[in-house]
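Visitor: According to TrEMBL:
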| type | residues | note |
| --- | --- | --- |
| ACT_SITE | Ser207 | active site, nucleophile |
| ACT_SITE | Asp230 | active site, charge relay system |
| BINDING | Arg244, Asp246, Asp249 | Ca(2+) binding site |
| ACT_SITE | His317 | active site, charge relay system |
| DOMAIN | 405-522 | domain 'PLAT' |
| DISULFID | Cys503-Cys519 | disulfide bond |
Amino acid sequence: MVGHLAISQCVSTQIISYRTLGLPFLLPGAEVCFENLGCFSDDIPWAGTAERPIAQLPWSPEEIGARFLLFTQQNPEYHQASKQREKRKICQGTAWECTKPIQNHEITTNKEILLASNYNGTRKTRFITHGYIDKGDENWLLDMCKLMLQVEDINCICVDWKKGGRTRYTQSANNIRVVGAQIAYMIQLFKTIYQQRPETVHIIGHSLGAHCAAEAGRRTPNLGRITGLDPAEPYFQGCPALVRLDPSDAKFVDVIHTDALPMIPYLGLGMSQAVGHLDFYPNGGEHMAGCEKNIISQIVDIDGIWEGTRDFVACNHLRSYKYYSDSILNPEGFLGYPCSDGDVFESVSVLFLLGFKAHRGRCFPCAEGACPLMGHHADKFRRPSGAEKMKFYLNTADARPFGRYRYKVSVTITADRALLLTGSMSVALYGMEGNTRQYQVKKGVLNPGNTYEVYIDVEKDVGELTKMKFIWNNSVINPMFPKLGAEKIVLQRGKDRHTYTFCSSETVREDVLQTVPLCTSV
């Protein structure tokens, strides 16, 4: 394990006196050093500031007990030596399979162990590191590795530092400095042993793990990429770049914000400030779709009681890694739109007969080359030279699959007689690749002759559009049995600005589907 020997521990007499008194904190001014990792101070900006009032040194590598669990396409399902030991117990010593060398896929910085593993320095390497109270062999990390190995031949390393993360939060927030240094030292060894360039290394970190990745990046010149999955807010928001995740930590830093409300009073666990080259705010970055479910529906989760309980306690915070995992196989459903804030992203114009127009959203559709994909494929985006802290917005579903496809739909309605109706109307998209469910366009007064406009985020990419279906209902009983229809529907696709126009002269009674065919394509 990296840094097994603490070669010095320089603590001032003043600090020792505070420990002797049994006080639960330290004053700034101490330092601790570890072999191969360097020294760690608890001086400003690491402590003694409004954001980090408690001075605390990180634990030693032995106390933290970080493990590096390697997955490759040669061993995509397991990493532990225990799996190999189970095979040894089953073997009777006669089968050829039982004579094969036993490999330990928990790698360390021991050169012999590294060379005996399935690690390959010619492949890209992705580290995944968890946050507070979590662990490196938790399902989400292992599943993320397996998904990546379905689409690419990489070294996937889950970093397990649970011993250092299951203590006071303030201590864990300092322990990640050592874990980050250990990751950096391992990357240095990859370069020494395999001549692997740091540009081919990507570190994915959730919560505290995002700032752990930042520490590794700060120590690794030309690190390829860091992905911050809802970087932890307490002890990091508002801190200098040295302490937290920052665009300077890697050649490319992308961030997904899912729990960005302030810790006080809303108990938001993630940062709101932009700290990457690209910062994504799905669903506005504060309230994730599906996290408002009741306690029973969340705890009895499809992924099991433990995962459901975690979701209930920190649903918004955990959504970041779920979105990232979903994006690996379904990248197109996570298109981010450049926007100043979530309110502007959601705003639309509603057109009335008198010409009144509400505020029009300014973030739709995508200009050519302006919309990156959130998640695994974010690095395909051609970022303008020198640009950083670019903000992007998108919406997701409330459950897997989370990906959505954004359209703007404008519906002009007509009726068989002059009348005002109170009710609702919805549309569904039909294309070469299937159809969507119905999406509500308007609820309230339906005025024939008016055009109603709304953004919809649909559950699938239906391909080239062939027709629309329109349905309405009346919320008030009307003995005249009125008929209403979509005279014209204009649909614009967000990803490429393509516009479809549908038209019909038909009117239908409530709860009857109207098919509106494609009339022109622009």
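Cβ atoms are placed via backbone N, Cα and C, with glycine included.
Just tell me what is around each of these and how deep it sits.
Guide: Sequence-distant contacts of Ser207 (active site, nucleophile), defined as residues of its own chain at least six apart whose C-beta falls under 8 angstroms from its C-beta, comprise His130, Gly131, Tyr132, Asp134, Leu229, Asp230, Pro231, Ala232, Leu269, Gly270, His317.
In this view, Asp230 (active site, charge relay system) is surrounded by 31 other Cβ atoms within 10 Å of its Cβ, with every protein chain counted.
Neighbour count (other Cβ atoms within 10 Å of the Cβ, all protein chains): 22 for Asp246 (Ca(2+) binding site).
Per-residue confidence over the domain 'PLAT' (405-522) averages 94 (mean pLDDT, predicted model).
Cβ-based neighbour count (10 Å, all protein chains) for Cys503 (disulfide bond) stands at 15.
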Visitor: Within its own chain, what residues at least 6 apart in sequence put their Cβ under 8 Å from the Cβ of Arg244 (Ca(2+) binding site), listed in sequence order?
Guide: His211, Ala214, Pro231, Phe236, Gln237, Met271, Val275
Visitor: With a radius of 8 angstroms around the mean position of the C-beta atoms of Arg244, Asp246, Asp249, what other residues of the same chain does the Ca(2+) site pick up?
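Guide: What remains near the Cβ centre is His211, Ala214, Gly217, Arg218, Ala241, Leu242, Val243, Leu245, Pro247, Ser248, Val253, Val275.
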